[in-house]
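Look at Swiss-Prot and you will find Cys41-Cys56, Cys43-Cys51, Cys50-Cys73, Cys64-Cys70, Cys69-Cys94, Cys82-Cys101 tagged as disulfide bond. Under the heading domain 'Peptidase M12B', Swiss-Prot lists 1-19. Per Swiss-Prot, domain 'Disintegrin' is recorded for 27-108, and the stated evidence type is sequence analysis.
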Amino acid sequence: NEYQTYLTDRNPQCILNEPLRTDTVSTPVSGNELLEAGKECDCGAPANPCCDAATCKLRPGEQCAEGLCCDQCRFMKEGTICQEAKGDWNDDTCTGQSADCPRNGFYG
């Protein structure tokens, strides 16, 4: 399929980059799976062990509530693969400082 070949060969960032969950302009709403201004985590599910459902803030001592580089409320170690390589691109790895999985943008 030409579309899949294009994505693999060209790796177009305008299509493949997922917007940050913090890049929203809506009014904060609990449980909408978005991280609007004033929220540290989406507090829709009281069962989330990382997020206080009453305040939408991380529980004391926790670093993150979700993300490809978040495991059990902690940032994954620097260098942990969060997205395997596609085509000629290298693996994307965690920074150890964030729950987000940054695209490295380098060819292998």
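Using the three backbone atoms N, Cα and C, a Cβ is placed for every residue, glycine included.
Note: the CA-CA distance between Cys56 (disulfide bond) and Cys94 (disulfide bond) rounds to 24 Å. The disulfide-bonded residues near Cys94 (disulfide bond), taking a 10 angstroms Cα-Cα threshold over the set Cys41, Cys70, Cys82, Cys101, are Cys70, Cys82, Cys101.
The shortest Cα-Cα distance between Cys73 (disulfide bond) and any of the disulfide-bonded residues Cys41, Cys43, Cys51, Cys82, Cys101 is the one to Cys51.
Neighbours of Cys70 (disulfide bond) among the disulfide-bonded residues Cys41, Cys43, Cys51, Cys101, defined as a Cα within 10 Å of its Cα, are Cys101. The closest partner of Cys43 (disulfide bond) among the disulfide-bonded residues, by CA position, is Cys50; the full candidate set was Cys50, Cys64, Cys82, Cys101. In sequence order, Cys41, Cys50, Leu58, Cys70, Cys73, Arg74, Phe75, Ser98, Ala99 are the residues near Cys64 (disulfide bond), counting only same-chain partners six or more apart with C-beta under 8 A. Neighbour counts of Cβ atoms within 10 Å were compared across the disulfide-bonded residues Cys50, Cys69; the minimum falls on Cys50. The Cβ of Cys73 has fewer other Cβ atoms within 10 Å than any other of the disulfide-bonded residues Cys41, Cys73. The Cβ of Cys82 (disulfide bond) has Leu68, Cys69, Met76, Asp92, Thr93, Cys94, Cys101 as same-chain neighbours under 8 Å, each 6 or more residues away in sequence. Note on Cys70 (disulfide bond): other Cβ atoms within 10 Å of its Cβ, all shown chains, come to 22. By a simple count of nearby Cβ atoms, those within 10 Å, the most crowded of the disulfide-bonded residues Cys43, Cys51 is Cys51. Each of the disulfide-bonded residues Cys56, Cys94, Cys101 was scored by the number of other CB atoms within 10 Å of its CB, and the largest score is that of Cys94.
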